[in-house]
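S.K.: I'd like to ask some things about the structure below.
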Amino acid sequence: MHFADFLAGSFGGACGVAVGYPLDTVKVRIQTQKQFTGIWQCIVLTIRKEGVHGFFKGMFLPITTISMTSSVVFGTYRNCLQALSYIRKAENTKLDVFMSGLAGGVAQVSVMSPGDIVKVRLQCQTESRHSVNPKYSVKPKYSGPIHCLLSICREQGLSGLYRGALPLALRDGPSFATYFLTYHTLCARLTPDGQKEPEWTVVLLSGGVAGMSGWAVGTPMDVIKARLQMDGVRGQRRYRGLLHCLTVTTRTEGLGVFFRSLGINCLRAFPVNMVVFAVYEVSVRVLRSAPLVS
């Protein structure tokens with residue numbers, strides 16, 4: 001078993017969160033709140049109402065959880081590749097890469113869902129204790145990640161932490177399959193024959209493009225996931241489930257709403273996944289050179 005990939009994935013994921021969190025907050029608000037009509041309008045209103053602090057609401061828990069989920073994704077991916085190669089007694093194909101990425105994306109949902117719903121709810125909480133404008137000074141519902149986590153458990157039970165888990169799996173399975181296939185293909189194409197490891201410029205470019213392609217696939221289901229996670233926070237629940245949310249959203253807002261945050265997803269994904277893969281590659285090479293880690 002490749003243990004190094006679990007650790008390296010954890011390091012890469014944590015660094016990626018730190019880089020991309022402000023734009024992730026903007027993305028979630030655009031997806032779930034009609035008052036925000038575009039990227040710059042959302043950024044300006046957030047700064048005016050909440051200050052810079054508004055972009056970092058709920059970041060502590062995602063750094064912890066995404067560190068774990070990224071570990072699961074990369075570790076599962078690498079070990080699935082190893083298993084498929086061993087079973088077939090042959091080199092891995094692109095289909096192997098795709099299926100291993102799919103397995104990694106689905107596997108991490110059980111770990112990711114609780115932290116993700118807390119992240120989304122805190123990001124969509126526009127009331128701020130740190131408001132820079134007194135007229136916007138309204139007490140927020142959640143005082144922080146732990147309070148939000150406990151409030152969800154108290155109001156909805158443990159199952160509330162997994163509201164939106166199905167669309168999360170439907171988002172991350174195909175998204176990570178595309179993600180790893182894109183990275184693998186670009187690295188292979190851009191690395192000269194006979195060279196064992198890709199150059200760092202290739203790693204950075206391939207990681208950035210992989211992130212964008214993964215989000216291009218995952219954005220529509222990401223909208224559904226975010227809406228289900230926010231449903232009922234400000235009153236009565238609107239959606240009965242995934243299909244009902246999909247139907248109502250399409251009927252009332254049109255198909256375009258599923259791609260409203262695609263631009264910011266791609267804008268955020270490129271630098272984030274440059275960092276994720278760069279840190280992952282550095283870490284995995286160092287760890288594999290250590291005598292006790294394979």
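Any Cβ shown, glycine's included, is placed from N, Cα and C.
In case it's useful when we look at the structure, here is the feature table from Swiss-Prot:
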- 4-83: repeat 'Solcar 1' (REPEAT)
- 95-189: repeat 'Solcar 2' (REPEAT)
- 198-286: repeat 'Solcar 3' (REPEAT)
- 3-23: transmembrane segment (TRANSMEM)
- 54-74: transmembrane segment (TRANSMEM)
- 97-117: transmembrane segment (TRANSMEM)
- 173-193: transmembrane segment (TRANSMEM)
- 200-220: transmembrane segment (TRANSMEM)
- 262-282: transmembrane segment (TRANSMEM)
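Context for these features, please: burial, neighbours, distances.
M.R.: Mean pLDDT, taken over the repeat 'Solcar 1' (4-83), works out to 89 on the 0 to 100 scale.
Among residues of the same chain six or more beyond the transmembrane segment (262-282), those with a C-beta under 8 A of the stretch's C-beta atoms are 8-9, 11-13, 15-16, 19-20, 23-24, 26-27, 30, 39, 70, 74, 179, 183, 197, 200, 203-212, 214-216, 218-219, 222.
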S.K.: If you count Cβ pairs under 8 Å, which stretch among 3-23, 97-117, 173-193, 200-220 touches the transmembrane segment (54-74) the most?
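M.R.: Highest pair count goes to 3-23.
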